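Chemist: Got a structure for you, questions after.
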């Protein structure tokens, strides 16, 4: 089974957690694109979706899935999204696709976070994948200096503008032993919109695409 086939298997497996007549929170990325394809098969059974990015919104609209503004929705039963890394505590690094802020907002609203990945995303310690931080453009140099003090190597992601009009700094060479603490520390830096650590609000259910099929992990 190829990596993309494992992503597809995980994406389709998430369909079992979608309730009829509900509004579904939908994330961003290659694995989520498979989930969106799956969700389209039951678009007449759900009310619609809330999207975490312009890219996912476009794909869902093209498939005929109604997309709602989060401000018009009081609750979401599930949020389905991928991860760049996830550990055994269900802490994640997300934001490789630069949609981390909106992803974090939608995840905060949802009752249940379903994380869908292929088995290459499971790690013991977070940090091999660079940690993305969304930053107000004028604060770029200041935030980078503060990240160096925390032990990271900040790199400006050239040519990347988020859906919110901000920039991304990717932090390399950090072994993240205490994800919740670091998430809070980075979010406390003036000029940071948010960072790609999802530890305060981690995943509730993990669906892992493997060569043997989809494995379900709960914490």
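Note: Cβ is positioned from N, Cα and C throughout, glycine not excepted.
What you see is a predicted model, and the numbers here were worked out from it, not measured in a lab.
For 28, 29, 30, 31, 81, 82, 83, 84, 94, 95, 96, 97, 121, the entry in Swiss-Prot reads substrate binding site, with the evidence type sequence analysis. The active site, proton acceptor annotation in Swiss-Prot covers 103 and rests on sequence analysis.
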Chemist: Test of understanding: give the count of other CB atoms lying within 10 angstroms of the CB of residue 96 (substrate binding site).
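Modeler: By my count, 20.
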Chemist: Please report the Cα separation of residue 121 (substrate binding site) and residue 103 (active site, proton acceptor) in Å, rounded to an integer.
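Modeler: If we compare the Cα positions of residue 121 (substrate binding site) and residue 103 (active site, proton acceptor), the gap is 18 Å.
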Chemist: Centre the Cβ atoms of 28, 29, 30, 31, 81, 82, 83, 84, 94, 95, 96, 97, 121, go out 8 Å, and tell me which other residues of that chain have a Cβ in range of the substrate site.
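Modeler: In sequence order, the nearby non-listed residues are 27, 32, 117.
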Chemist: Enter the number of other CB atoms within 10 angstroms of the CB of residue 83 (substrate binding site).
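Modeler: For residue 83 (substrate binding site), the count of other Cβ atoms within 10 Å is 30.
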Chemist: Among 28, 30, all listed as binding-site residues, which has the most CB atoms within 10 Å of its CB?
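Modeler: Neighbour-count leader: 28.
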Chemist: If you run the three-state DSSP split on the residue listed as 'active site, proton acceptor', which class comes out?
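Modeler: For the residue listed as 'active site, proton acceptor' - judged by DSSP and reduced to three states - the answer is helix.
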Chemist: Using CB atoms and a 10 A radius, I'd like the single residue among the binding-site residues 94, 121 with the highest neighbour count.
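Modeler: The residue with the densest Cβ neighbourhood is 94.
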Chemist: DSSP three-state call for residue 94 (substrate binding site): helix, strand or coil?
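Modeler: DSSP assigns residue 94 (substrate binding site) to coil.
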Chemist: May I ask which residues of the same chain, at least 6 positions away in sequence, place their Cβ under 8 angstroms from the Cβ of residue 103 (active site, proton acceptor)?
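Modeler: Residues satisfying the criterion: 27, 28, 52, 53, 81, 94, 95, 198.
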